[in-house]
C-alpha cells in the first residue's frame, strides 16, 4: 500500500514559470534555498500534520482520513494555479497550500512505513525503504517524461489543470488503506482545547525524550551538518538558463534522467550497500560526490566542448552520476530514522528527524546564496562561478571528521542498542 501511496502522492507545485525570473541569482538563491532545501535528497515540507495524525483521529481514522484530505487540498492547489493565479501573492498562497497537502500525505505514509519496519532486521527495513522510494522515483520518471514537452506545446495553465486531477488519485487509493476505525469515544475529530493541549504536551515530551538520547541526537547532528554545507545549485540554474539557454523541454529531459538515476541509486543501495557500515557509506559517497561535483567547472569554463562533449550531453551525464550517488548515500539515513521511531509517535518523530535534515539543506542553500552574492555572481556576470563551485564542493568534505557521531554498526545488523563513539 505504501508503494501505491508514494507513487500517487502529489508533488508540490513549483513557482509558476510564467512569472519573471529574479534579476540576481544571489537574491533568488534565498528563495530557492527556502523552497527546495537540501541537494542530496528531494525534500518534503513538514508541518504540524504528523503530530495531528498521531494524536488526533479524523472521522475515526489516523491515516486514511488524512490521506483523503491531502488529495483534496492538492487538487485545490493545482486548480488555483490553472485558473486564477496571476500574481506573486496568489502564487505563494497556492504553493503553500500544495506544500501542506504534500506534507500531510508524506508524513502519514512515512508513519505507515515505520510501523511496518518496526521489529524487522535492518536489511528488511532497507528493502522496504527502497521499494517506497523506488515507486516515488518511478512516478517522477513518468511526470518528467511529459512535463517539458507539454509545457512547450499547451502552456503551463493546461499542465496545471491536468495535474489537478492527480492528487485525487491519492484520495481514491486511501480508501484501500487497511485501518481499523477507532471506537466512538476515541474519535477526536473535534477535540476540546484542553484535550488537544494535553495531547500535544505529551507528544512533545515523548519526542524530546527520544531525540535527546545520544544514539538519536548525535547521528541527527551529523546529518544536519552534512546537509548544511554551501550549495551552488541556484547559481548553476541561472547559468544553464541565462548563459547556455537550456529550454524547459530540455530541463524536463534532465528531470527524467535524474528520476531514472534515483531508481538506479536505490537499486545500488538495495543490492550492494545494505550490509555496509554507515560510516563507510558516508565517507566514500561524500568524497566521490565532492570530486564529481568539480566536473561542473568543466561546464562553466567550456572545457567540455574542448573535449568534444556538448553542453546538453555533459549536463545529462553529470546529473545522472551525481543523482545516483546522492540517492544511494541517503537511503541509510531513511533506514536509520525509521528504526529509531518509538511506537505511538511514528509520524511525528520521523517527520522531526527529516525536518532537521531539510533544515540543514535550507541552511546550506542560504550559505550558498551568501557566497554567491559575496563572489559577485549575477544573472549576467558568471566570472567567479567556477570559484563558487570549487568552494562549495570542497566544503562538503568538512563534516567528515565528525563521522564518529554515526552508529558504529552495519545497517544489516539488528542490534538492540546503537553504538556511538
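Going from the start of the chain as shown, residues are counted 1 onward.
Just so it is clear, glycine is given a Cβ too, placed from its N, Cα and C backbone atoms.
Predicted automatically and left uncurated, TrEMBL annotations should be read as such.
Just so it is clear, the model here is predicted, and its values are computed rather than measured.
Looking up the ranges 130-148, 187-205, 206-224, 225-243 in TrEMBL, the one annotated as transmembrane segment turns out to be 130-148. Looking up the ranges 38-62, 313-337 in TrEMBL, the one annotated as transmembrane segment turns out to be 313-337. The transmembrane segment (66-85) and the transmembrane segment (281-301) are not in contact, since fewer than 3 Cβ pairs between them lie under 8 Å (pairs 6 or more apart in sequence).
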